[in-house]
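Everything below concerns the one structure shown next.
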Amino acid sequence: MSNHLSGSEIRQRFLDFFAARNHKILPSASLVPEDPTVLLTIAGMLPFKPIFLGQKTPEFPRATTSQKCIRTNDIENVGRTARHHTFFEMLGNFSFGDYFKEQAIAWAWELSTEVFNLPPERLVVSVFKEDEEAFAIWRDKIGIPAHRIQKMGEEDNFWVSGPTGPCGPCSEIYYDFHPELGDKTIDLEDDSRFIEFYNLVFMQYNRDADGNLTPLANKNIDTGMGLERMAQILQKVANNYETDLIFPIVAEAARLAAIDYQKADEKTKVSLKVIGDHVRSVVHMIADGISASNTDRGYVLRRLIRRVVRHGRLIGIEGQFITKVAEVAIALSESVYGNVRERETVIKAELEREEARFLETLERGEKLLESILEKEKSQISGVDAFTLYDTYGFPLELTQEIAEEQGLSVDTAGFEQEMKKQQQRSKAAHETIDLTVQGSLDKLAEHIHPTEFLGYTDLQATATVTAVLVAGKTVESAAAGTEVQVVLDRTPFYAESGGQIGDKGYLTGDNLLIRIEDVQKESGIFIHFGRIERGIVTTGDTINAQIDRSCRRRAQANHTATHLLQSALKKLVDGGISQAGSLVSFDRLRFDFNCPRPLTSSELQQVEEQINTWIAEAHDTQIAVMGLEEAKQKGAIAMFGEKYGSEVRVIDIPSVSMELCGGTHVKNTAEIGLFKIISETGIAAGIRRIEAVAGPAVLAYLNERDQVVRALCDRFKVKPLEIPDRITALQSELKGTQKQLEAVKQELALNKSDALLSQAESIGEFKLLVASLGDIDANALMAAAERLQQKLGEGAVILASTPAADKVSLVAAFSPRVIKDKGLQAGKFIGAIAKICAGGGGGRPNLAQAGGRDASKLSEALAKAKSQLTSSLQ
């Protein structure tokens, strides 16, 4: 057997083997799939799924790839078994109606035994129990003894794309780690002896709704070899984690924890392996444009980061560490996946932010969880699990994981009940979609052709009305005063897409005038939304469609400016920045992008100046339609998550910008005129937003600001350049006045509190005072409590106030002997009392404050405090 091939060498030998057999080597697709039915790329065949389903014609008959994949369905097994992962690379060779079963099997055997030099006597294969053809090929053509060919059922060895559609049997090759055990006890489920490393899928049937199988005219091959598994075999290590693909990450985590991996106990090794696996996942997910969030693939990323952080704490790593292990993962991958190095800054910033946030979450919730674990013997209640989730940010999966480590379960049904209660309490209005329009369009699409778009070259056109809708329902005709949706056979109107809003304009005919305010499209049908100002519109009418040229000019200026903005951000701020969304309207533009931090004033100024320089340089805009792969090879920027056909439209401003885009644009950057950034803000974790204006809108924006400046000058009797100094002076005056007011409030509170001394009760050797001081603020309340405790001597003071509607402030002040002799602590005590008022808090043993949101419970809270302290001080 070949000795110690590196993971990189294994990958390259696989690709080279099939390239020599006329397979086109394709780069790995993004982890963000084009298939909307899955969150992440989970298999090597996923990018080719449209071909296998007959939805797309292949550009070549054979392909080979090394596809990065992420699966989290077995996340609880990661680190606990030898070969479960969330991130892995799937090596594959594919045939689209070209070679089939016999050739696929022959090449798989040749690759395994002659390229990777696996001893034939150590290989076992499986076939679908009804696939006699595959069985015969393995036995008669390859020469494998029949007893080493295992027949398996449909669950294990039959691939389906869904309830109906292409499907077929598969055959798997296993490596035998212990051939000395003999052939009489072959059990492929025994993963301590056998590891499946190569799967061959023979797509040869179509399954109909009744379950009947019909042979396909074009049969396909889909194979997958696990890179990590082959590395384990060839590098002769105990598990995938100890291969050179992962172990350097594990070793770095062990170094940070001051642990010797080889001497570590099994529990510690599990944590180290989890870190090694998950860090690979999160690095590649962020590199492919995914940001942590509470939904969809963003939540998968957040969950994986949090598991890394928690397992780091379990093995004794203090503070933030994840970027250190991420650096190793980046170094291991950059030669094959260059975007991990290109987006290193973004990756580290996202990891640092999420790690810091989760460390705060852990610190807040771990004490409560510890107390829950102490009192519960078998199960954490749904109420407690929901409190951890809702109040402390603990995901249910994390609570379940920790509970499992302690031998407990979690009442998930109870958790879901609490979640539903909260949703009912906080139910808010949601935007709804008018499905009546969609339903009508679905029916229309069966009878009318997609609209022909003319708007790239024509601003007006003669067209035929193919449908009229009123209130979402198709009608034969509609009269003046009616809000309508009109469908045409051809149109110059741009329909909203790619962030650019739809055109405005008019539809005219014999005594007909329809003012169009918006245009949308669905399934290639353009819907013109408007109001009939004059006349009657009828299906079949010939009309003239004319867009508002002024609105179009402004929209295309803003759209081209958006392209310039992205280029400037990449050039001046971070080359790894990518678009996360946009809006191009007639009067302004909005651009959302991945960036872990706010832009500085200097950066914003540089970006603005660069864009205006490009505008002044009068660059021509070149538009071309080409193949998607050709466009990418030329460097055209594509938006993550956007679906593109085989033919794409490329907007090229030479030496400045090149993007895939279906929108409308200026012919020369000089047409934009001017560009002005209005604001830069954060809209989500790791997502920033720039709003800007271009062209005539810049003058309108500056005039508006000029009016504000003039008004301020009149108000303060100063010149424009003197306004900042005048505002600073006013702020200083206001701050001084507020300090004086606070001092007066505090003095009043102290005077009022002194009058309470006579209300103090004697409890044995101690004094106890529990009282409410009206609406004074928290700072004054704290000062009053501290002063009263000093005047009372040994004892306890509890003060409360309601400084605002439904807002409660509470303070506890305990003397030294109350703390020492009675074992009471102000922080813990007042925090518990505050829960009655739907709040919390804490502080030092002698002085602490808390707050609450339910003022109606204040009397109950004070009564509880008095009762408990009376009992404790006796």
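Including glycine, each Cβ sits where the backbone N, Cα and C put it.
Features as listed in Swiss-Prot:
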- His559, His563, Cys661, His665: Zn(2+) binding site (BINDING)
Other same-chain residues whose Cβ falls within 8 Å of the Cβ centroid of His559, His563, Cys661, His665, the recorded Zn(2+) site, in sequence order: Gln556, Thr560, Thr562, Val584, Ile651, Glu659, Gly663, Thr664
His563 (Zn(2+) binding site) - helix vs strand vs coil (DSSP): helix
Residues that sit under 8 angstroms from His665 (Zn(2+) binding site) by C-beta distance, when 6+ apart in the chain: Gln556, His559, Thr560, His563, Thr621, Ile623, Ile651
Cys661 (Zn(2+) binding site): tally of other CB atoms within 10 A of its CB: 25
